[in-house]
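Engineer: One structure coming up, written as structure tokens, with questions to follow.
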Amino acid sequence: MELSRLVCAFLLAACCCCRRAAGVPGEAEQPEPELVEVEVGSTALLKCGPSRSQGNFSHVDWFSVHKEKPTLIFRVRQGQGQSEPGEYQHRLSLQDKGTTLALTHVTPHDERIFLCQGKRPRSQEHRIQLRVYKAPEEPSIQVNPLGISVNSQEPEEVATCVGRNGYPIPQVIWYKNGRPLKEEKNRVHIQSSQIVESSGLYTLQSILKAQLVKEDKDAQFYCELNYRLPSGNHMKESREVTVPVFYPAEKVWLEVEPMGMLKEGDRVEIRCLADGNPPPHFSISKQNLSTKEMEEEITDDNGILVLEPAQKEHSGLYECQGLDLETTASLLSDQQELLVNYVSDVRVSPEAPESQEGSSLTLTCEAESNQALEFQWLREKTGKVLQKGPVLQLHNLKREAGGGYRCIASVPSVPGLNRTQLVNVAIFGSPWMTLKERKMWVKENTVLNLSCEASGHPRPTISWNVDGVASEHDQDPQSILSILNVLVTPELLESGAECVASNSLGKNTTIIFLELDSNRTTGLSTSTISPHARANSTSTEKKLPEPESKGVVIVAVTVCILVLAVLGAVLYFFYKKGKLPCGRSGKQEITLPPSRKSEFVVEVKSDKLPEEMGLLQGSNGDKRAPGDQGEKYIDLRH
């Protein structure tokens, strides 16, 4: 477009010269046209003469000059304007009392010379050069997705920059890492082209071609559009892009994740890395400890060797080999040692310890590791640390000392690396029961699950004195839980149920009393007590009273308290009056009706767990009465 402007100017000047040489009457040397600059879409104000001119503008003709051919577009007569048919018919109007012609909705096609000519009192002619501008859209840039090889012998396409809908054609400048690029033979070439849209606007396309090196793999390229508006010079920049650069590898190496000290059970990834793009084909090998030869390992689809879980056998020397498929060159990494720390073969001696009450027992823990070990002993059911070190001494054993003991072998220098071994200590003794007796509220014709738990060494067996379906569950090597499924009948209500636990050293019993709950509805139903609901002992299988029963109990307790308060007040009154004898000589027996004397028994039982209340002895070799487990009875009948 700049070239066309120069051509037009040259032709215009040549025409003027010819006219002057021919001596055409009335023709004089034309002054430079007045310059008016506007943006596309705005309104151009064309003044017929300088602003200080005092000429008569009541009779003016306006022309547009295109290709040196003037065309009448507007007439002014007696201060009134009239558009001529054509492209400007609906876009022209008069302003400033007829001195200014307004051209609306300016387009690039309006960039030309406009001429106004007056008739009286003398001929007046004024020329206006209209310049039109339009800022291009933000430049878009598209990188070459195929990339560029450093082995290419000529410049390859790096990226393409496009600036749309600008006027006149903007200038493009390419940058690499913030520095402008210039044409350089066999190194940098910039190829630009433009398209004229139907609107008269230009779309510019510029292609950057260059020879790249390995160091350009992270280079940032972008383009800049420079353009002019009536307000001055402006520019717009595209985003930065990076083109893939392909270059052969010079070095390969191994990388292990996670970093730091490894332990058995970890997920370990071994991968090959190279400084080439694209990376070569990798293979990972491990040294055979027997033959000392490197043997290829099986990797996943990404060429990564995954060790999950890592084991001590995975320790050893590894190396990586990279094969460049384009050049067939092979590269070998340095060998790298992988060390998987471990603790194994934790064992306790004796393996199945057993002892008599009152004696002593020594437990010894051993383990293997490639690091220094620390040992500690824990009580299995409490988690309490009993001893630090590989040896645990147990003295003056009681039956409560039976059960699980856990040895923990750990490596302090490798957090989280430890192994454990559980051993069960058995103390010889006759069976002992979790409970001697308990009472249950039941309803007739229901199916009930009764449970009974016993411990001892040798481990006891359990039998029931009533018919039903019994199932046994091992709690630990010395304990057993028996669950009996029975139907509540009048006979069962009368006799109750008894479970007997026995071993070679004796036997023991638990008695279950069944009381009929009159508030419960009759009919066949099932009542199940889960053994897992017990807290460190057998479930008592007590039925919670119904809400109505709770209300009756509260009322009864309240009445009893009031009666006792009244009785206390009466006794205190008689004492003050001297009518109530006190002291040893005045002690009197509290009498009860004969029918009630035999029923007044106070029963004292312990709610402590077996380990807290002592061991319940069996019938053989016990100093207690048979079946006694430590409950005390105070008989107030005599």
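Just so it is clear, glycine is given a Cβ too, placed from its N, Cα and C backbone atoms.
Nobody curates TrEMBL annotations by hand; they come from automatic prediction.
In case it's useful when we look at the structure, here is the feature table from TrEMBL:
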- 524-539: compositional bias 'Polar residues' (COMPBIAS)
- 621-638: compositional bias 'Basic and acidic residues' (COMPBIAS)
- 139-242: domain 'Ig-like' (DOMAIN)
- 244-330: domain 'Ig-like' (DOMAIN)
- 344-424: domain 'Ig-like' (DOMAIN)
- 431-510: domain 'Ig-like' (DOMAIN)
- 524-544: region 'Disordered' (REGION)
- 612-638: region 'Disordered' (REGION)
- 1-23: signal peptide (SIGNAL)
- 552-575: transmembrane segment (TRANSMEM)
Engineer: In this predicted model, what is the average pLDDT of the domain 'Ig-like' (344-424)?
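Structural biologist: When the pLDDT values over the domain 'Ig-like' (344-424) are averaged, the result is 93.
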Engineer: How many helix, strand and coil residues does the domain 'Ig-like' (244-330) contain under DSSP?
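Structural biologist: Grouping H, G, I as helix and E, B as strand yields 3 helix, 41 strand, 43 coil.
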Engineer: In the domain 'Ig-like' (431-510), how many residues does DSSP put in helix, strand and coil?
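Structural biologist: For the domain 'Ig-like' (431-510), the helix, strand and coil counts are 6 helix, 54 strand, 20 coil.
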